[in-house]
Amino acid sequence: MQGSSALSCSSNSISAPVGLCCSQRPTLPFRNQRIVLENPSSLKIFHFHRNTTFPLLNCTVLCSDEVVSSQLGKILLVWLRDSTEEIVEASETEGLFVETGYIYSVHGLQGEVRVKATTDFPELRFSQVESINWFLVFGLLENILFMNSLLIQPGRRWLRQQVSGRDMIQEIELVEGRGHPGQKSWILKFHEINTIEQAQKLVGSALLVKDEDRPILEEGEFYTPDLVGMKVFLKETRELVGTVINVFNSGASDLLHVELLPDRNARPQLEGSASGPLVWVPFVEAIVPNIDLSKREMLITPPKGLLELNIRADERSKKERRQLEWKERKKSQKRLIAAKKILHEMEQDHIFHGFRYGEKNQRSFLANQIVDVNSILLQHALQNKKIPYKRWSFPDFVNALQVNDTLKLSKEFFSIENVEHSSIGSKVQEQGHCLISSGKVAIVLALTESKLLGTSSIPEPAGPHEEIAYLHVKALLNDSHRLLKVVLPSEVELETMEDRPSVPLIVVCPAESIEYLKQLFMDHDYFSFDSEKVWFLEEEKLPVVSASQEEENKHKILMKSPWEILQGPAGSAGIVTLLSSQNLLEHLHVMGVEYIQVCSGNQEFINGEMLLGFTKSREANAGIQVFRDAGYLEEHFNIVFSIDFAKKLTKKIDKLQFEAILKPNQHVEMVEKEWVDVIPSSPNSYEFHSSIYSCLNACPPSKVCLVDITA
């Protein structure tokens with residue numbers, strides 16, 4: 001039984017005594033003697049069912065020739081035992097008996113057995129006088145003598161055994177019983193069970209008590225069988241949660257094992273399985289405040305996340321999960337071997353030195369970094385380094401475009417009044433509006449490190465890089481209207497709010513900002529975007545290589561630590577390789593996307609509808625929006641690609657043009673089998689950078705259109 005702080009469970013109960021008044025002089029049988037009560041008018045007889053204790057205060061029972069005394073009066077205990085015995089099939093008595101324990105082994109050589117109690121009242125169930133029908137007689141008797149033999153009479157028990165595959169219930173007499181505290185069990189002796197062989201036949205049997213003889217519990221206490229099968233509802237919403245299938249005692253309190261509904265939270269079920277997931281619910285009043293035994297219902301108020309706490313995300317069997325893990329390990333090993341082979345061919349074997357040092361998690365981190373190196377892009381960047389670099393001029397490219405493929409707009413056009421006035425008769429903007437509202441446009445929002453840390457209007461706090469990145473990302477995206485203005489400023493003109501979630505959004509940012517961004521989007525309800533159509537990708541990085549004058553054509557990948565490769569952002573052109581590696585382009589194509597708009601997050605003038613509509617009207621592969629007053633800054637980009645051209649572009653990585661930027665970078669090297677820190681006093685390494693505008697090298701000028709914004 002549990003304390004008052006918890007709702008208690010038990011497996012048996014005591015029935016209240018029934019008081020009877022006697023008008024005749026009763027006689028009581030004691031070993032062929034009759035004791036006659038002299039004053040029957042003051043006599044009350046209370047019948048106590050089996051399996052009860054005496055409800056008397058300070059009551060003592062003594063041996064022969066001693067007096068039984070009580071504060072409630074003089075009592076006489078008379079034993080009446082039913083001598084008949086019967087065997088019945090368990091199915092015929094279903095619901096009449098409750099299990100109080102089971103025999104699990106033999107004890108000693110005299111036919112005794114060991115019993116594990118499954119009741120909260122083992123003293124009542126396994127004592128030698130427990131199954132006797134007692135009559136307590138209260139009167140004015142002065143002295144009543146009891147014989148010692150009264151207390152050693154065998155008691156009636158019920159035993160459930162399997163006979164020919166069926167459960168059979170029969171009576172059995174208990175001679176004596178005693179506790180075994182060391183093993184938390186009871187040692188019982190039954191009538192006519194005197195040998196080990198006879199006792200062995202009882203192992204596996206269950207001891208029973210009649211259901212009507214269970215003790216009556218106090219308020220707030222319940223029997224386990226009464227709770228099993230109850231329906232469980234949420235108190236606030238009256239939503240059906242599931243069904244109690246079992247109750248377990250954890251020491252501090254009982255635990256309800258609840259089977260949730262199979263379709264709760266729309267969780268997929270295994271084929272052929274109709275049962276739902278199982279969860280644990282503490283059986284305490286704070287969580288289970290209401291229980292209705294008559295309706296077989298209980299109301300619960302679970303803390304947030306309790307019902308999802310023990311649900312396994314993967315419903316596959318343990319064997320299937322192990323097989324899948326083994327396959328994934330084999331795939332990872334194959335990818336690592338392939339990546340190491342490529343780096344070996346590039347003469348970058350020094351990267352593998354870290355595998356001989358450090359802990360397992362450090363070596364695993366190095367292996368993951370090796371697998372993630374974009375060796376194709378790195379080789380292309382190194383090849384560009386060997387060729388004398390002639391910087392591609394974006395202004396020259398803009399001036400070379402044909403006049404009929406250029407749409408010039410003034411800055412004032414983007415004011416709210418002009419946009420509202422022009423959108424009525426603008427065929428170009430109407431085409432862009434139709435593309436967005438029909439879900440044929442995907443947005444790629446690039447929040448690279450330079451964008452996160454380069455906003456002059458936000459003060460840079462003193463602190464780690466993660467905190468700085470978080471503050472700038474939050475400042476950029478904290479206002480949902482500002483985010484929509486950055487991505488789709490004209491979307492407020494859509495006729496219905498249902499059109500907005502049809503736009504897929506891909507956010508590209510530094511690795512240290514991804515978790516902050518995810519949380520930020522969740523806190524703002526994904527800024528009205530569909531959460532299923534929002535992706536967060538880490539920006540593309542390339543290893544930093546050495547710049548040695550002695551070995552001009554050999555560039556070693558620098559190591560930040562023995563287990564970490566020194567890397568830097570590859571530039572906005574890395575977005576193309578990201579879309580390819582994540583297979584997002586194919587996924588977007590299946591979703592019906594026809595155009596992809598790629599834009600940076602630190603621009604004042606972005607009009608998605610105008611640029612999309614103009615690109616569509618010119619049947620161009622790419623559309624560009626520039627702002628002359630910004631001096632054609634490559635960091636401020638807003639480009640539209642057709643989905644077909646974007647897919648072709650991923651297969652023409654060699655068209656991207658990389659610039660090798662000479663910079664000083666601290667790193668580590670192995671010198672004579674020891675790792676040493678290298679702190680340069682002058683530029684000692686190359687970082688590779690490529691602008692997204694270099695993607696236009698793969699597109700003929702006749703297939704490129706331009707929206708030119710002037711002051």
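Just so you know, glycine gets a Cβ as well, placed from its N, Cα and C.
The domain 'RimM N-terminal' feature in TrEMBL is assigned to 100-128, 153-212. Feature annotation from TrEMBL assigns domain 'Ribosome maturation factor RimM PRC barrel' to 226-306.
DSSP places the residues of the domain 'Ribosome maturation factor RimM PRC barrel' (226-306) in helix, strand and coil in these numbers: 6 helix, 34 strand, 41 coil.
In terms of DSSP helix, strand and coil, the domain 'RimM N-terminal' (153-212) has 10 helix, 35 strand, 15 coil. Regional average pLDDT for the domain 'Ribosome maturation factor RimM PRC barrel' (226-306) in the model is 81.
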